[in-house]
Amino acid sequence: MSSEDTETTCLISRSAAPPSDRRPKRTCCQLMANSSIMLGRELCYGVEAALVVPHLLTRGMPANMYSLVFLIPPMFGFLLQPLLGSTSDRCRSPLGRRRPFILTLAVIIMIGLILFLNDDNVVKVLFPADVHSRSANVVRLVIGTVGAVLFMFGADSIEGPVRAYLLDTCNTEDQRKGLDLQAVFAGLGGVLGYLSGAVNWRKLGVRPGSDDLVRFGMCFSLFVICAVLNLFSIPEKPFVRPGSSKNKVEYTNRDTKVCVLTISTEEPPARQSSSENKEEYTNRDTKVRVLTISTEDRMGARQNGLEQTTGNRTNHLTQVKLRQSQENDTPEYVLTALEKSVSITPATFFKSIVKMPGRLARLCLTQLISWLGFMAIMLFFTDFMGRRVYGGAPQAAAGSEARRRYEAGVEMGCWGLTINAAACALISGLAEFFLRRLSLRTVYMGGALFFALGMVGMVVLVELTTESWPLLLLCPVMGLMYSILSIVPYRLLSQYHRNEQYVTTGADGSGRRGMGVDCALLTAQIQLSRVIIGAVMGPVVNAAGTLTVTVVMAGGLAFCAFLAAAFLVQYD
């Protein structure tokens with residue numbers, strides 16, 4: 001074989017590598033900046049989990065309705081987030097495909113934080129004469145509720161674009177590192193968010209009534225910094241329309257040479273002999289070999305002994321130019337022609353959900369059960385500590401013994417959630433160490449089982465003792481569960497997308513499944529779990545007459561998740 005043929009064969013071999021492996025290697029600083037937004041997001045989640053229920057209850061929210069606050073944001077998220085994911089797959093903004101959505105959702109989070117943690121200040125402006133009147137209390141409750149709904153919706157929905165942004169722009173090795181870093185930053189953000197509720201700010205010199213303002217300043221500033229770091233972390237190329245002159249993909253290989261693949265479509269010319277189907281151009285620096293491949297329905301094309309089988313596409317000719325250059329340009333990632341050729345509609349999108357691959361459907365079901373168990377305890381842990389463990393009453397008069405006990409329980413609950421978040425950060429930092437030695441199946445199953453056992457331990461302890469510190473010792477199992485749910489399913493999804501049979505089972509008319517859609521589907525299970533928990537937890541607690549039922553539900557659902565991870569999820 002000639003050197004020229006060897007060179008061409010090498011270039012074709014590179015282009016056949018998995019797409020994620022052709023993307024350039026990212027620096028540690030880029031990956032950290034990209035992942036830092038999870039710190040800001042979990043900071044918001046920390047404020048939500050620690051303060052939303054106590055905050056709204058102390059402002060007059062009926063005790064049998066407060067769980068409904070957790071119902072509204074995930075309902076919108078579950079309905080809109082997958083559609084946002086599919087839309088971002090074809091977004092033509094100059095910022096790229098994912099970053100416009102990250103920016104929009106970040107603004108929604110900031111508006112929600114402003115309203116939620118400044119409802120008292122808004123009421124003071126609107127009702128300067130009597131801030132404790134009935135009208136003022138109603139306005140305060142409405143503003144706090146709207147703010148909570150906005151920042152919960154934004155925090156829920158931003159995860160899908162953030163993860164798709166990472167998976168789009170990084171190779172396989174960096175995807176693993178990035179997912180691990182996201183989990184680490186999520187744990188750190190949770191620590192800061194829960195600490196904001198655990199710290200007694202008055203003992204630190206903050207005047208009474210300014211606690212929420214201090215929390216707002218800390219959370220808002222850190223979130224803005226993290227969002228900016230993410231948006232400027234990794235270059236993201238804009239969507240390129242089919243047939244555009246910019247339809248070019250460049251990949252950097254190890255020897256710093258760039259393999260350029262240029263695809264253009266044209267009407268079929270008159271049929272020529274096989275000797276005319278190859279043209280060769282040579283100059284001082286480059287060699288260009290043009291392969292003209294017929295893409296007629298269900299036909300293969302043979303060129304120089306290399307066969308390429310095409311899908312069921314249009315009767316055009318595809319001209320593929322392979323050029324090897326000494327330039328070391330920044331790589332550009334664009335969708336394949338299959339992904340770009342069809343614009344998605346809500347009808348075709350929901351059809352793709354109904355006809356999703358079986359392995360993805362089973363993974364989504366397992367995620368849903370897992371998140372149901374996690375949310376059952378996480379969203380109500382501070383209220384559980386304040387009312388069940390400390391015996392307080394959130395709607396008692398300010399300064400009363402019952403109100404002080406409730407506030408002390410909430411603070412202790414925040415410390416428990418802080419321990420949970422610290423454990424999440426530590427476990428996420430060690431994730432790569434364990435995943436090199438344990439299979440994804442073992443880690444996924446083990447996390448659900450340990451969480452279930454931890455909930456059983458909490459039920460036993462709360463019945464045997466009135467002390468709170470033994471319960472705090474079991475809080476790390478929540479961090480373990482969260483870390484695993486944030487890493488393992490997305491690694492599995494990345495594996496699925498390296499399977500050509502999987503990515504060509506899309507039902508949206510394009511013949512391919514987009515990473516953004518599938519990331520959104522996985523993340524949507526968080527919203528769906530919150531919808532279910534928000535709808536049923538209030539009536540269940542009222543029927544049971546005790547908040548211990550939240551821990552019992554969490555343990556039972558976690559055991560179901562263990563069984564699903566063992567028998568439903570496909571790992572290879």
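Cβ atoms here come from the backbone N, Cα and C positions, even for glycine.
Within the listed segments 1-24, 289-312, TrEMBL records region 'Disordered' for the stretch 1-24. With a cut-off of 8 Å between Cβ atoms, the residues of this chain six or more beyond the transmembrane segment (547-569) that come close are 359, 362-363, 365-366, 369-370, 372-374, 376-377, 380, 383-384, 387-388, 441, 444-445, 448-449, 451-456, 458-459, 462-463, 481, 492, 537, 540-541.
Among residues of the same chain six or more beyond the transmembrane segment (101-118), those with a C-beta under 8 A of the stretch's C-beta atoms are 37, 40-41, 44, 47, 52, 55, 84, 87-88, 91, 95, 143-144, 146-155, 157-158, 161-162, 165, 212-213, 215-216, 219-220, 223-224, 227, 230-231. Long-range contacts of the transmembrane segment (468-488) within the same chain, counting only residues at least 6 positions beyond its ends with a Cβ under 8 Å from a Cβ of the stretch, are 179-180, 182-183, 186-187, 190, 367, 370-371, 373-374, 377-378, 385, 389-390, 409, 412, 415-417, 419-428, 431, 435, 440, 443-444, 447-448, 450-451, 453-455, 457-458, 461-462, 558.
Long-range neighbours of the transmembrane segment (442-462) within the same chain, counting only residues 6 or more positions beyond its ends whose Cβ lies under 8 Å from a Cβ of the stretch, are 366, 370, 373-374, 377, 388-389, 434-435, 470-471, 474, 477-478, 480-481, 483-485, 488-489, 548, 551-552, 554-556, 558-559, 561-562, 565-566, 569.
Counting same-chain residues at least six beyond the ends of the transmembrane segment (415-435), those with a Cβ under 8 angstroms from any Cβ of the stretch are 42, 46, 49-50, 176-177, 180, 183-191, 193-195, 197-198, 378, 381-382, 385, 443, 471-472, 475-476, 478-480, 482-484, 486-487, 491.
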